[in-house]
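Asker: Swiss-Prot lists these features:
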- 1-81: region 'Domain I, interacts with DnaA modulators' (REGION)
- 81-155: region 'Domain II' (REGION)
- 156-377: region 'Domain III, AAA+ region' (REGION)
- G200, G202, K203, T204: ATP binding site (BINDING)
- 378-500: region 'Domain IV, binds dsDNA' (REGION)
Amino acid sequence: MVNASGDPVIEAAHIWSDTLTVLKHSASLSPREKGWLEGVVPEGVFGSTIVLCVDNNDTLQAIQGDLNDSLLQALRTVTGENMFPAFKVVPKTEPEPLSEAKPAQPYPSEISPTVAEFGKESYGAKPAAAPREPMPATEPQFPVGQQKMNRDPETHLNKNFTFDSFVPGDSNRFARTVALAVAEGSGQDFNPLCIYGGSGLGKTHLLNAIGNYALVKDPGLKVRYVTSEEFTNEFIDALQNPNQSQGQIAEFNRRYRQVDVLLIDDIQFLGGKEATLDQFFHTFNALHQANKRIVIASDVAPKNLKGFEARLISRFESGLTVDVKPPDLETRIAILRMIASMNGSKIPSDVLDLIAERFTENIRELEGALTRVTAVASLSNQPVTRALAEQTLQDFFTTDVEIKPTDIISQVAKYFHLTFEDLVGKSRTKNVAVPRQIAMYLAREMTSMSLMDIGQVFGGRDHTTVMHACTRISDRMQQKQEIYNYVMELTVRLKQSNTN
């Protein structure tokens, strides 16, 4: 889901991407003025302030001068409220430091316009002047973006997720021990290994750690990490061309049945997808009979998986099933210390205690809260204290209301003077087809549903129809102002209706 994490870095990236698009479509700005905006890099959102980095004072003066009013208006259009930019001058160095840590346009055309939920606290009610000196090199930088982007193109493993960076506690120690045994190749009795638990508790971390460790022990191994949606999409892609499907399916089978270690995440999303499950069943059997290692992660225990045949569930249960639970207080504090240590940040113990006491559900909450506190301290040039943390996090406890696909369909239908049935029905007339595509696009960007699940909501349409709709609207938003405006206004309405 877009902005589901509430992380200030990710929120800033989404907001700036949309703001830049608004400004590029502005007829009142000259090409030169639009050019000044290309080098701006978003750093974070704190209250009603968005921190933007520029690489020289000329750019800063241009944006704070002639472009200031246009920028404020664009931010208001995107977020639905008054936001104020604070600027930092961060000169470019050679070689450039980890460009993936602060992408200029992290999600260019695929992300729909978003409206973040901000607190009332503002850190800088007016556009702030740039600091006279660049921020020190020790400024805390949390690797949220890097973790998402540091993915090996062949194995799909995230190199940042290792056993060394996994903090054990009573809630996950047994799962870690078993995972390490599988990674070492000594856990044949645990094959397959099924790890289950709620979101943000470390399942994905463990899967990647297994793959990374296995490759350290034996670089010649063929390891592949894949989510269930990626597996589904690859299988469907292999079926697309009737003239070549046999060859493509054979290639798909080779790709997965020749691996030594298969790590599949979020297996629950395969539920009810009969053709994909049948393909996975045969892949599973081929690997298991060849004594290859299989590790599966799910949000529920195998016996509770919905839409799976008994024959597949029995195979999952033939190995070992372990769970991960929400971390206890001591483990949460240890996790926060690990995060701070990995980023060279010195955080007082009472601040770590405060965050650990307030955020109890999962690790993502902990990381997001710590990131927000350290970023606000850096921006305001203050030390990290318990008082600052209390103030910063006071609006962090509001739970975002998840937007349902039916809410999106209803809102889009109302906006275009159609009915719910029009959008989920079979009509292909232009006055229905375009709103339907917009609704599919919004469902993809504002919910956590897979393409196939979205298709089911829209009258049982298939994966490719939804994919085409999302691509079509994404492209047309860059070409037609009215399409962009439709998506923007609907996004604002959906956010407002779900927070009232």
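Glycine is no exception: its Cβ is also placed from the backbone N, Cα and C atoms.
Given the structure is predicted, the values throughout are model-derived calculations rather than measurements.
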Asker: Within a 10 Å radius around the Cβ, which one of these binding-site residues has the most neighbouring Cβ atoms: G200, K203, T204?
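Answerer: Within the set of binding-site residues, the most crowded position is K203.
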Asker: Around the ATP site formed by G200, G202, K203, T204, list the extra residues of the same chain whose Cβ is within 8 Å of the site's Cβ centroid.
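Answerer: Near the ATP site, the remaining chain residues are G197, S199, L201, H205, L206, A297, V324, N362, I363.
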Asker: I want to check the contact list for G202 (ATP binding site): same chain, sequence separation of six or more, C-beta distance under 8 angstroms. What comes out?
Answerer: F166, N172, A175, V324, I363
Asker: Mind checking how the region 'Domain I, interacts with DnaA modulators' (1-81) divides into helix, strand and coil residues in DSSP?
Answerer: 44 helix, 13 strand, 24 coil
Asker: Go ahead and report the DSSP secondary structure tallies for the region 'Domain IV, binds dsDNA' (378-500): helix first, then strand, then coil.
Answerer: 84 helix, 0 strand, 39 coil
